[in-house]
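Taken from TrEMBL, the feature transmembrane segment covers 82-105, 111-129, 150-172, 184-208, 228-252.
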Amino acid sequence: MVPFIDFSTNNKRAKGHIHMNYLKSVLLPNKYLPHNECCMPFISLLERAEENQDVLFYLNPSTEAIINFLWYPSRPHWHHQFYIFIIYFLSYSIISWMYIAHIQIAGDFEFILVFVIIILFFYLTYYQFMTEFSQVHYNGWRYLKDRVNWVDLFSLILPLIISVYVLLNYFSTEYGFKYAESNLYLAFIIFISIIGIWYEFVLSIRVFPEFARYVDIIYKIVVEIRLFLLFFALTVIAMGHALFIFIGYAAYNGLSESPTTYEVMNGSTVVYNMTGEAPENQFSNLFSAIVSRIIGIQLH
């Protein structure tokens, strides 16, 4: 197959003033061209191959050569998306860290810095949501068939919910997160969100060919050991469930741990006794029991 002239070139010029186009690109990400407005014959072939799930189309050496040729002029777009995600990742990490560490805001400079980080996080979240929306609008139901898109949505929705929750309930303009209340459940959900964003980050570095090879190797390894990973996860859940049944209600079967007592003595005479708080039972519910087993395995 030998491509014709302009087989992979879009001859349609951009409309509008350059400054207005830049402003639109800041407020809205680039959209997909409708099928009737696309002037690249090669894109039409790609769309037809995607609709028919024609894998052999991509095995054609000529197709591979054209895709490799088009990759170089398209790299700035993917690098731009990658850098946006990095800034989004950093802004969310700072917000979640401030809540976990109960960071106090002291001074106008710190307040302005935190305010900029919060605004930046919500703006980049909006920007990436619009990117996903444009993909949904263009691909339709095919968007949901790609598992990578589910990871994209997970890395956006969960951090957004967490950030809105902690900012509305625990953040104040005077003290920041100094008087925030921490709990195991929210900390674990933040942990899951960080894992999800890191997974999305690993997928995003595929824009660099050198990293893409290693990502492909890791993906093949995970596919090969997926049953082992499932068995390991079921084992952790089983241990947490069994410990919840055994010592979840330790007070009723005589297994509860007594609070620590202290004796204040004057010479050989006990002046008075002090009793500490009752130890917290980490297996009091099924969720905390499973989480404690995960933490215990990581520590060992």
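Positions of Cβ are set from backbone N, Cα and C atoms, glycine also.
The list of residues near the transmembrane segment (82-105) in space but at least 6 beyond its ends in sequence, with Cβ under 8 angstroms from a Cβ of it, reads 111, 114, 117-118, 120-121, 124-125, 127-128, 159, 162-163, 166-167, 170-171, 173-180, 182, 187, 190, 193-194, 197, 200-201, 204-205, 207. The stretch with the most CB contacts under 8 Å to the transmembrane segment (111-129), chosen from 150-172, 184-208, 228-252, is 150-172.
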